[in-house]
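Here the structure comes first, spelled out in structure tokens, and everything after it is commentary.
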Amino acid sequence: MASGWFYMSCMVLGSLGSMCILFTTYWMQYWRGGFAWDGTVLMFNWHPVLMVSGMVVLYGAASLVYRLPASWVGPKLPWKVLHAALHLLAFTVTVVGLTAVFGFHNHSKITHLYSLHSWLGITTVALFACQWFLGFAVFLLPWASQWLRSLLKPVHVFFGACILSLSIASVISGINEKLFFVLKNATRPYSSLPGEAVFANSTGILVVSFGLLVLYILLASSWRRPDPGALTDRQLLLQLLPGSRPLPVTYMPVPLR
């Protein structure tokens, strides 16, 4: 039953993530004129799409690799590589998204990093870079001792959730900032809630919903990868996975009376 809830949550999560990207793309295409890579505002339009795709959707998916029941059996290294590779892909998409906004600002002679949105965003990306390099050096490379990994694992998990939360805050503030910039004339002010504002605000709600569901799955104790040697009800479900072997039964000695 618990496994069924997990996969149902993953289906909902996949739908929400796809809608986040599609809604952001449609907003930029339909209301903001489309996309280009020429330094104009059309180059800026890549920024929200790539940031939502990288820092929210791909980042959220990469964070949940160890929640998959299939990752609980067999060697852990392939799942570590997948976890790191998905995060690296998310970081690459994010860097391209930053390149788009900095290129637009340079072309239009706009000051960089002056708004709260930009401060949140650049802080989030910097933390993401540090998090990835620390994870790669400590958890993927073989040099670190088990003691060091056990010490840093809670820190790694904590900052992973913090980075996702900061990403959501950056996206929400970015949506608001963009709407304030483009819906400021007398014919259709933001306060009159035109169609674009309704659609963009709805996109923000989707992003928040996606992020909250990711955080819920990450924090749900019954969906965490079990510690080695710990036999739980969830582990019994692994025997149903193809290729898995029966779990060993540990007998506790009964003292003589």
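Cβ atoms are placed via backbone N, Cα and C, with glycine included.
Sequence annotations record features per position, and here TrEMBL assigns transmembrane segment to 5-28 (among others).
What TrEMBL lists as domain 'Cytochrome b561' is 12-219.
Residues or ranges marked as transmembrane segment in TrEMBL: 48-69 (among others). Packing against the transmembrane segment (48-69) from elsewhere in the chain are residues 3, 6, 10, 13, 17, 20-21, 24-25, 27-28, 35, 79, 82-83, 86-87, 89-94, 96-98, 100, 121, 124-125, 128, 160, 163-164, 167-168, 170-171, 174-175, 178, 207, 210-211, 214, 217-218, 223-225, 234, 237-238, 241: each is 6 or more residues past its ends and has a CB under 8 Å from a CB in it.
Here the transmembrane segment (81-104) has long-range neighbours at 37, 39-41, 43-51, 53-55, 58-59, 61-62, 65-66, 110, 112, 125, 128-129, 132, 135-136, 140, meaning same-chain residues at least 6 beyond its ends whose C-beta is under 8 angstroms from one of its own. Feature annotation from TrEMBL assigns transmembrane segment to 81-104 (among others).
For the transmembrane segment (116-143), same-chain residues at least 6 beyond its ends with a Cβ under 8 Å from one of its own Cβ atoms are 51, 55, 59, 80-81, 83-84, 87-88, 90-91, 94-95, 98, 149, 152-153, 156, 159-160, 162-163, 166-167, 169-170, 173-174, 176-177. Under the heading transmembrane segment, TrEMBL lists 116-143 (among others).
When Cβ-Cβ distances below 8 Å are used as the criterion, the transmembrane segment (155-175) is approached by residues 48, 51-52, 55-56, 59-60, 63, 116-117, 120-121, 123-124, 127-128, 131, 134-135, 138-139, 200-201, 203-204, 207-208, 211, 214-215, 218-219 of the same chain, each at least six residues removed from its ends. Annotated transmembrane segment per TrEMBL: 155-175 (among others), in sequence order.
The transmembrane segment annotation in TrEMBL covers 198-219 (among others).
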Same-chain residues near the transmembrane segment (198-219), Cβ under 8 Å, at least 6 residues beyond its ends:
6, 9-10, 12-13, 16-17, 19-20, 23-24, 26-27, 31, 52, 56-57, 60, 63-64, 67, 157, 160-161, 164-165, 167-168, 171-172, 175-176, 178-179
